[in-house]
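Heads up, the thing below is written out as structure tokens.
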């Protein structure tokens, strides 16, 4: 079984995880297709992953022992058996189309067939909370670079270079934009609505983030404050650092939202602050799972002063008790020796005091 080169895996992963911005309360369905040529190892490897909102629900891999479109979400068990046969055939047909596309791109770019190349597409549709269509897209890439894309109006194409203009002319003559627009505005929306109904307990839930702020000294003069949001769903979230109530957008390092591995997501935002001014900075967290936005600050660890005072007081108390015991013993000894004359302290008396000192920590 051949393997996808690391660079291509990163491209595929970037496509799957760099989620397109969506409107609050909206839903989306997205597919990512990747074909990778591997000279001398047979047919190109072809992979499909499909997402509803931020949940992967189907996958196809031509390198599987028995290549079939596979279920990736529990709620997909509700579809009829013939669904999987139909989707598997579509995937296999598309794999052959992409094989041809790879060969065509080699000619357009005047490249040798000896190297490995990739051809990818991502497409999808988005609907409002009430199910109405409001956005669709379809984009293609070759060897990790933009190739051609359907414009926002879904009626025309934009080619990234002169090689892609060959494809643009061919597709314009064949009316490909109209065919894709019909799919995105109607069939894609119908399937998305159906999937949302089947998986509503998962897809339409709102898990609030668990948020906190960590402190990382960078130097004697500066420290990094990092605001964490963990375990939230859906993926849409806002993390904003403020200084004295003013947004610090330009000075904030913000990572892309990442899967947490358990069906939820993670994200953090960091800002570098002058040491000693940490309390002037607050992190504002907004997510649909929260009844109201969270406002967080860094909480310095509790100072050990109280603990030290308690230890010192305890030691002093022990010394006072020992001193009182020694005084009582001496008085009793003095009384017993008084019958025969003056009391003379024993030679080892100061060693008792020395023994008392040894109890000090």
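Heads up, the Cβ atoms here are built off N, Cα and C, so glycines get one too.
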Stretch carrying region 'Connecting peptide' according to Swiss-Prot (options 299-308, 309-318): 299-308
Entry from the disulfide-bonded residues list 188, 283 having the most other CB atoms no farther than 10 A: 283
The region 'Alpha-2' (115-206): DSSP-derived helix, strand, coil residue counts: 40 helix, 29 strand, 23 coil
Entry from the disulfide-bonded residues list 125, 227 having the most other CB atoms no farther than 10 A: 227
Intrachain C-beta neighbours of residue 110 (N-linked glycosylation site), sequence separation six or more, cut-off 8 angstroms: none
PLDDT averaged over every residue in the region 'Alpha-2' (115-206): 97
C-alpha spacing of residue 227 (disulfide bond) relative to residue 125 (disulfide bond), in angstrom: 32
